[in-house]
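Okay, structure first, notes after.
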């Protein structure tokens, strides 16, 4: 599974873990709702970059 980093605040979305905002573990970044935002700073999904 992949990880994505918020380019604004550095929050890391880990697909294997989901997030504390009712996103289940195993949820792919591409499958997050269009209105999902960074739980730390509120940035849109387009502020995230895939980590190597």
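Glycine too: its Cβ is placed from the backbone N, Cα and C atoms.
Listed in Swiss-Prot for this protein:
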| type | residues | note |
| --- | --- | --- |
| DOMAIN | 1-51 | domain 'Rubredoxin-like' |
| BINDING | 6, 9, 38, 41 | Fe cation binding site |
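The Cβ neighbour count for residue 6 (Fe cation binding site), using a 10 Å radius over every protein chain in view, is 21. Taken through DSSP, the domain 'Rubredoxin-like' (1-51) splits into 6 helix, 15 strand, 30 coil. Each of the binding-site residues 9, 38, 41 was scored by the number of other CB atoms within 10 Å of its CB, and the largest score is that of 38.
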